[in-house]
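One structure below.
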Amino acid sequence: MKKQRNLRSMAAQAIEQVVEQGQSLSNILPPLQQKVSDKDKALLQELCFGVLRTLSQSDWLINKLMARPMTGKQRTVHYLIMVGLYQLLYTRIPPHAALAETVEGAVAIKRPQLKGLINGVLRQFQRQQDELLAEFNASDARYLHPSWLLKRLQKAYPEQWQSIVEANNQRPPMWLRVNRTHHSRDSWLALLDEAGMKGFPHADYPDAVQLETPAPVHALPGFEEGWVTVQDASAQGCMTWLAPQNGEHILDLCAAPGGKTTHILEVAPEAQVLAVDIDEQRLSRVYDNLKRLGMKATVKQGDGRYPSQWCGEQQFDRILLDAPCSATGVIRRHPDIKWLRRDRDIPELAQLQSEILDAIWSHLKSGGTLVYATCSVLPEENSLQIKAFLQRTADAELCETGTPEQPGKQNLPGAEEGDGFFYAKLIKK
């Protein structure tokens, strides 16, 4: 039996690591969840995701409720108060229980002398809640985004930025990809129905299913046998543009964690696929996905800017470049992105993307297809990136996939329930 731990203090420490140390929640949370019971795993995730989704609100409230911010070794208490505020505002946890557990969290982080302070701040919020929230809802902090990102979204999407922000602040739906080598989508949906769950097919992407209610993967029919994979609908759209064929040599660049690698092999089981990623640790997830689905691909660690180091002079029929990006299209899935990214990251990422595009283009066969994809909504990484590439690359031709005013297709967050995503399909003359 696992030792009873204070979930509020664990959440506060995790959030502190994200905000103060720039660590990714997807790296921090799983090891913490291993330390708690199954029933507590979901609550720990809810507290971490929820506070990060609404961070600017709790920051704003604490500044109103406290004369001085908590600093130094007491900084964790700041995040513990955030966890308390989130419970009072957004969960069905009874207020007395939320307060008691949060105050007790001070003992777990070895700050028992601050229990009275935490209790006082949270009770003061309860007394002034209506007045404080009215003031908050009239401020820019209500958008729950950092100001630099808000400015970029307003500039790029003067008519749509508010709906993008709203979508980013929602909980995401759970999308699945049915493995067509095992079942048709309709036959798997029938199995899902037999298991007492409901799913809905995507109108455009033939393997995509949205669950009515998110569920643990082990509850999904045939998950362990590789019948289905968790993957957002927008990410599945890459295969529509790539259109892999049996017998082709296909490169999946920046491939981890392997969702698109395995999708290529579901669509074209006899394709020769090379999956490459710069992050050796994340490549372990590519191997795991291939193993679960019973598929084979060549997997290599490598930097996309220097392809000759990992593929020599090899030429490919098709290349999928899921480029490193700001991930501003998947904030609803990874709310820590709002606080991990900085404005200065965008030009640096755009430069890296252009270097990878230029380097990999020489490894595409004449007549071959390259699909450039990102999970960003920022034009500098997407339409402007492709415009610049077309201007400097004489043998590159764009396949029309989107609206006339931009090369490529930009999906915005929440459109057809999918993530924000960009695709451009290029043919080598």
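Every residue, even glycine, has its Cβ placed from backbone N, Cα and C.
Annotated S-adenosyl-L-methionine binding site per Swiss-Prot: CYS254, ALA255, ALA256, PRO257, GLY258, GLY259, LYS260, ASP277, ASP303, ASP322, in sequence order, evidence recorded as sequence analysis. Per Swiss-Prot, active site, nucleophile is recorded for CYS375.
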Inter-residue C-alpha distance, GLY258 (S-adenosyl-L-methionine binding site) and CYS375 (active site, nucleophile) (nearest angstrom): 15
Inter-residue Cα distance where the pair is CYS375 (active site, nucleophile) and ASP303 (S-adenosyl-L-methionine binding site), in Å: 19
Cβ neighbour count within 10 Å of LYS260 (S-adenosyl-L-methionine binding site): 24
CB contacts for the residue listed as 'active site, nucleophile' [other CB atoms within 10 A, all chains]: 26
All-chain count of other Cβ atoms within 10 Å of CYS254 (S-adenosyl-L-methionine binding site): 22
Chain-internal residues near ALA256 (S-adenosyl-L-methionine binding site), provided their CB is under 8 angstroms and they sit 6+ positions away: ASP277, ASP279, ARG282, LEU283, ARG285, VAL286
Between the residue listed as 'active site, nucleophile' and CYS254 (S-adenosyl-L-methionine binding site): CA-CA distance (Å): 13
